[in-house]
């Protein structure tokens, strides 16, 4: 082996500068190896991928959503109706009519068609009188509430006193649908006699 001084002479001044530059670069570089950095960043990526749900794995829902679903599932039909109505009001959702069957899209109508339709609409009310009605309770006097609840229980099939009370507390409510005119007027008179305000639709 050659002594250190001799090896420096063999390398020459250029190689000595390169060596100094390499040493300086090593001092300025972070102490972490590039290969180690690659391994750790790929490890982080694999952790992120491992945490992501797979397509065939069941989705995990937050506890807040699970509790909300359980609460909605435990509601009665009257409460669901109220929830639906309140959500429509809160979110400003308008009722949408049914789509016509067969993919028919309403389009522009000629000027002659509205005139003939108007004539038909005038004839229909003259020829046909309504025979069936929906009895709807719109208001209840607080004083006569107990009598009204008992009377509603008589006219609504399959309802108990607790359900009748909830019905009276969440007005307006439909009492009976598709009822003959005579029976609808009888129900209206009975409910108004015990303090209810009834509308026939």
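Glycine is no exception: its Cβ is also placed from the backbone N, Cα and C atoms.
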In Swiss-Prot, which of 13-36, 37-60 is labelled region 'Disordered'? 37-60
In Swiss-Prot, which of the ranges 65-86, 87-108, 109-130 has the region 'Disordered' annotation? 109-130
Among 64, 181, residue with annotation N6-succinyllysine (source: Swiss-Prot): 181
Residue from 150, 165 to which Swiss-Prot assigns N6-succinyllysine: 165
Ranking the modified residues 147, 165, 181 by other Cβ atoms within 10 Å, which is at the bottom? 181
Return the single residue from the modified residues list (141, 145, 153, 176, 188) that has the minimum number of other CB atoms within 10 Å. 141
I want to check the contact list for residue 166 (N6-acetyllysine): same chain, sequence separation of six or more, C-beta distance under 8 angstroms. What comes out? 76, 78, 79
